[in-house]
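If you look up Swiss-Prot, you'll see 609-643 marked as coiled coil, on the strength of sequence analysis. Taken from Swiss-Prot, the feature N-linked glycosylation site applies to N87, N146, N177, N178, N225, N253, N286, N322, N345, N382, N388, N425 (among others), supported by sequence analysis. Residues or ranges marked as S-palmitoyl cysteine in Swiss-Prot (evidence: sequence analysis): C740. Per Swiss-Prot, the feature region 'V4' maps to 375-395. The region 'Fusion peptide' feature in Swiss-Prot is assigned to 488-508. The region 'Immunosuppression' annotation in Swiss-Prot covers 550-568, and the record cites sequence analysis as its basis. Positions annotated as topological domain 'Cytoplasmic' by Swiss-Prot: 682-832.
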Amino acid sequence: MRVRGMQRNWQHLGKWGLLFLGILIICNAADNLWVTVYYGVPVWKEATTTLFCASDAKAYEREAHNVWATHACVPTDPNPQEVFLKNVTENFDMWKNNMVEQMHTDIISLWDQSLKPCVKLTPLCVTLNCTNATNNSQEKPGAMQNCSFNMTTEVRDKKLKLSALFYRLDIVPIGNNNSSEYRLINCNTSTITQACPKVSWDPIPIHYCAPAGYAILKCNDKRFNGTGPCKNVSTVQCTHGIKPVVSTQLLLNGSLAEEGIVIRSQNISNNAKTIIVHLNESVQINCTRPNNNTRKGIHLGPGQTFYATGAIIGDIRKAHCNISGTQWNNTLEYVKAELKSHFPNNTAIKFNQSSGGDLEITMHSFNCRGEFFYCDTSGLFNDTGSNNGTITLPCRIKQIVNMWQGVGRAMYTSPIAGNITCNSNITGLLLTRDGGNESNIETFRPEGGNMKDNWRSELYKYKVVEIEPLGVAPTKAKRQVVQREKRAAGLGALFLGFLGDSREHMGAASITLTVQARQLLSGIVQQQNNLLRAIEAQQHLLQLTVWGIKQLQARVLAVERYLKDQQLLGIWGCSGKLICTTNVPWNSSWSNKSQEEIWNNMTWMEWEKEISNYSNIIYKLIEESQNQQEKNEQELLALDKWASLWNWFDISNWLWYIKIFIMIVGGLIGLRIVFAVLSIVNRVRKGYSPLSLQTLIPSPRGPDRPEGIEEGGGEQGKDRSVRLVTGFLALAWDDLRNLCLFSYRHLRDFILIAARIVDRGLRRGWEALKYLGNLTRYWSQELKNSAISLFNTTAIVVAEGTDRIIEVLQRAGRAVLNIPRRIRQGAERALL
């Protein structure tokens, strides 16, 4: 009984074990995931690259040389494309934007290049004898000085006395202030270069464009403050037209905010940080220099002419700018309200004039038709707001200007003949906040001087990204490859240098072909960069502008990006494919998300961020897999002639077989002749004379055959003899016959043995298949019985449980029904 019980328990355990094993096999039989390469996925990352310019240069002055050199830019696209990215949130930071740094460098380079061919005014650093040239009541006394000086002519030992008009701001007295001897203001601190007489300073809109392989992201949030996430993002190839206006305190001729005034600052609570105010409505400012000046040229030497103011004709009036008081006061009130929202509610906002510093910072400086104006803005920021008429800003004009792009450099601008008028739009303000302990009042003052803030006010909504068209993701598709066991050794050679493998043998060097291809491309890229640097260093000799250099760089960058992507696709065996399967299994440690979760719920940007830490590992595995595949294909091609047995029956192969057979037979016959001759020679040397080849040799008879002939004739006791073959052909035929018989017997034995082995193997294989079939049927029946038993057991348990539940419910029902009876019985008992 105990044995039977144990046997039954073991049977149940065996059934459950088989069931568990089947479930495990089904789970393991799930499809594996493999790495698949995709080309052209919408993925990007932040990058810094060389931007080039586009401009409508032909729409502006053609004769005058414009300092912005926009004639070297590419034409603007008449139909610019802007693609809006849905459900994309991107971070922007206008204070750490490489586009600002690049534009700043470009404008500096343009100014420097425009001044290179112009005249150095070092010979003018001489003593000037000056007198007051203005007597008009509207002009400050001494604003212009009539100066005479001695100048060396072409003949060095002769001097010529000349005279010219200078602004008082451009000269300083030598010695005491009452002296009539002056010098140019920058002679002891910096070199002075005269701007070319035909330079046009009017700003021309410049569009910055990204080269192929890169894109510019644009933030379209109307209240975007310049930093943080932006939810309304689009991609463009070029920015809008940006006028490179060099000004301080007031931003001129820029773009306007679309929805209310916007305050932008890197840290508004830090009073050392500049505050950029972006207006939503422009304020017009009209500036004029009414003097009707004339210009004269002073010959300094061969090919050198100094242009100065010759005379002032007519009424001399001060240069000035006019602004509508009502419009300006309304704008200032809106700015106050916007600034107040960034501080506690009880804080009062107050404006005041500049606190001091260089003339370029304390005044609103800008260029108007070639003349540099310096206007006093204290009337704009006096915080009274009582002037609703026209606000007039008094302005000064300087011809010797401190260059904003570097310290210790100055520029002399040639005087412009006639009246000068320019109309501009104020689109922004540059402010700074006072420090101090006053918690209820915040004072803001105009400032400027850092031209990066001017460019930043226009480039705040842009950023450059690099497009990453290569992406990898798991799929169920696997590349069909030539399978071969992968060797672990030899991968260390992947880290050898490009030229370091030149002395390796071909088998070892073939492993590093991938590395060599990559290093070859990087060498080309490095060489192109070196060439561009050499061109940039010699651009003054090649007469190339900064835009020409940038166009060269953009073209090279586009080729480099394309070659880089195509190189990777070629290394992975995916050339010319948009979707390329591999035989690299997907590792769940890279991402344990299911395929449906990846493809249905994630964007390519989210997916790339998730696997970005493993991208290099995946790329390396794909590369190693492709290298192994190419080695396998090479070894397979070496055995290509054995791939098809039908080639053996080709007529050309048969002729080759016959040729080999004839050579073998001829060799055997030749060897037989050689050995026969050697045997005869050996016997002759021993003194033996060979008998005729007709000699009969005895042939013994068998015991079952009588001697003599069958008729009983012939001599008894005599042995039979056989004839030796005679002649060369008979000898060759005898050898060939013996060779064929020998080959036939051994080939027959080999075929019989092989047939016996094959028959035995097939018989055993058939028996094994029958055994497996019986085993499969047995276990199928066992699984079926186990399932039936499990179903029956479950049914019994469910039935018993149901019966018990019904019984409990019946008892509860009877108890409820018997309640009135019990009450009645209790009442009767109580009455008795």
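Backbone N, Cα and C atoms are what each Cβ position is placed from, and that goes for glycine too.
Features as recorded by Swiss-Prot, highlighted on the structure.
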{"residue": "N87", "record": "N-linked glycosylation site", "Cβ neighbours (10 Å)": "7"}
{"residue": "N225", "record": "N-linked glycosylation site", "Cβ neighbours (10 Å)": "17"}
{"residue": "N253", "record": "N-linked glycosylation site", "Cβ neighbours (10 Å)": "17"}
{"residue": "N286", "record": "N-linked glycosylation site", "Cβ neighbours (10 Å)": "14"}
{"residue": "N322", "record": "N-linked glycosylation site", "Cβ neighbours (10 Å)": "15"}
{"residue": "N345", "record": "N-linked glycosylation site", "Cβ neighbours (10 Å)": "6"}
{"residue": "N382", "record": "N-linked glycosylation site", "Cβ neighbours (10 Å)": "14"}
{"residue": "N388", "record": "N-linked glycosylation site", "Cβ neighbours (10 Å)": "13"}
{"residue": "N425", "record": "N-linked glycosylation site", "Cβ neighbours (10 Å)": "16"}
{"residue": "C740", "record": "S-palmitoyl cysteine", "Cβ neighbours (10 Å)": "10"}
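Taking Cβ pairs closer than 8 Å, the region 'V4' (375-395) reaches residues 249-250, 287, 289, 318-326, 328-329, 332-333, 350-354, 363-366, 445-446 in its own chain, all 6 or more past its ends. Note on proximity: among N225, N286, N345, N382, the glycosylation sites of the record, the Cα nearest N388 (N-linked glycosylation site) is that of N382.
Confidence for the region 'Immunosuppression' (550-568), expressed as mean pLDDT, is 78. Assigned with DSSP, the residues of the region 'V4' (375-395) fall into helix, strand and coil as follows: 0 helix, 7 strand, 14 coil. Comparing N87 (N-linked glycosylation site) with N146 (N-linked glycosylation site), their Cα atoms are 68 Å apart once rounded. Helix first, then strand, then coil: DSSP counts for the region 'Immunosuppression' (550-568) stand at 19 helix, 0 strand, 0 coil.
Looking at N345 (N-linked glycosylation site) and N253 (N-linked glycosylation site), their Cα atoms lie 33 Å from each other. When secondary structure is read from DSSP and collapsed to three states, N146 (N-linked glycosylation site) falls in the strand class. Cα distances from N146 (N-linked glycosylation site) to the glycosylation sites N225, N286, N382, N425 are smallest for N286.
Rounded to a whole number, the C-alpha distance linking N382 (N-linked glycosylation site) with N225 (N-linked glycosylation site) is 27 angstrom.
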